[in-house]
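Q: Residues or ranges marked as ATP binding site by TrEMBL: Ser140, Gly141, Gly142, Val143, Asp144, Ser145, Ser146. Residues annotated as domain 'GMPS ATP-PPase' in TrEMBL: 113-302.
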Amino acid sequence: MILILDFGGKCSRIVGRIVRESKVYCEILPHNVSIDRIKEKNPQGIIFTGEVKEEVNEEIFDLGIKAIGLGSKNKALNEKYGVKVYENETYTDDTKKIINDFLFEECNLKPYWDMKEFVDRSIKEIKEQVGDGKAICGLSGGVDSSVAAVLVHEAIGDNLTCVFVDHGLLRKNEAEEVETFFREKFNMNLIKVDARERFLNKLKGITDPEQKRKIIGEEFIRVFEEEQSKLEGIGYLVQGTIYPDVIESGGDENQVVKSHHNVGGLPEDVNFELVEPLRQLFKDEVREVGTILGIPEEAVHRQPFPGPGLGVRVLGEITEEKLDIVREADYIFRDEIKKAGLDKEIWQYFAILPGIRSVGVSAGKRTYNYTVALRAIYSIDGMTAQWAKIPLEVLEKISDRIVNEVEHVNRVVYDITNKPPATIEWE
Ligand SMILES: Nc1ncnc2c1ncn2[C@@H]1O[C@H](COP(=O)(O)OP(=O)(O)OP(=O)(O)O)[C@@H](O)[C@H]1O
């Protein structure tokens, strides 16, 4: 294995992905990890990433492990410790070549990290961990929980029960798709909870985005707990935690291990033992595992979708009418992007209802209706993003369809802001 010693920044994850893509296993640890932990890992090579500001524990170099540094601010490594340093810190062919040369020529490794083997090994490990026990899994329809659920289902079959909460903040047809898919294709025990009204009631009159998120998160936990209490003998909770959720970053001051309990996260007071079969994997690897397990491409390459769903795409107060508008507009947008063959190159694209109304004209009559905003971005990891240069004819078609097909909309605008300074989502 390769050890990536992280001095902060994003570089460690980029390097990590490249090493794994080259079919070599690697782990990312903070730069000041103890020498014993390094020895335990027994790496064949070490890659230093980020900005080396402090002294490096010199004992590392006594271990006789091959090392290089990546990152433009890493000269100190070379000057003080004689480690060869490259300025590369982004995902380019050149960076890949440097890493590949290091892995296969300097460290003499062979490609071995293989997702098919991972699947077989995981199924065996899950069987060992859970035995005849029963597990529950919150299934959002997102990539991580879907792949985790299918993997665990392969291992323990009907002893897994999945709970899917329809909070009414999902995209068009999503609830039906999740239901049909997991029940029919995978024959999984799936409980679908229709909590649409419950969420809408709780959100009535709430306009502050943080408060909306909080309410959605808390209500989700409540619904999930109610469902789990109806089941008997559950001892395990399956979570779609993936490697980027658990990396201890060298840049963070107190080096907290980030937990997976964000919005839409599950109850923390777990009496259950966790089953987290994707903990070691990067997102691309999770997708590959999904494909091996027979999950269709559209689901495996599904674009990121926030936990609170359309709740953060209807700005201001959420009402059923507004949710319907944004859901229909979003559906048309996605449909046209797909028809134009742009769905692979654009990282994320969706509609927003900013809650503004403006004057328009329809069949000779004045209207006063909603504006729909469209957002589409290119990105590699969501940390930075550029607005997508969708051809004007495609934008025109989308706009025409939205104003014609979606009631109460008379204007469509396109967001042409990069991240930073804007974020990808609007709230
Ligand atoms: N509507 C839902 N129904 C059931 N479980 C859900 C739902 N939304 C979220 N969850 C659970 O909470 C976890 C965290 O939710 P979050 O929205 O942060 O997902 P994520 O980290 O993007 O993962 P995923 O790709 O599985 O959606 C999910 O992995 C899933 O187990």
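Cβ atoms are placed via backbone N, Cα and C, with glycine included.
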Q: With a radius of 8 angstroms around the mean position of the C-beta atoms of Ser140, Gly141, Gly142, Val143, Asp144, Ser145, Ser146, what other residues of the same chain does the ATP site pick up?
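A: What remains near the Cβ centre is Leu139, Val147, Ala148, Gly240, Arg302.
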Q: Among the binding-site residues Ser140, Gly141, Val143, which have a Cβ atom lying under 6 Å from any atom of ligand 1?
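A: Listed by sequence, the hits are Ser140, Val143.
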Q: Highest CB neighbour count within 10 A among the binding-site residues Gly141, Gly142?
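A: Ranked by Cβ atoms within 10 Å, first place goes to Gly141.
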Q: Helix, strand or coil by DSSP: which one applies to Ser140 (ATP binding site)?
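A: Ser140 (ATP binding site) sits in coil per DSSP, no helix or strand.
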Q: Select one residue from Ser140, Ser145, Ser146: among these binding-site residues, choose the one with the most other Cβ atoms within 10 Å of its Cβ.
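A: Per the Cβ count within 10 Å, the most buried is Ser146.
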Q: Please report the number of other Cβ atoms within 10 Å of the Cβ of Val143 (ATP binding site).
A: 24
Q: Just how many other Cβ atoms lie inside 10 Å of the Cβ on Asp144 (ATP binding site)?
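A: I get 20 for this one.
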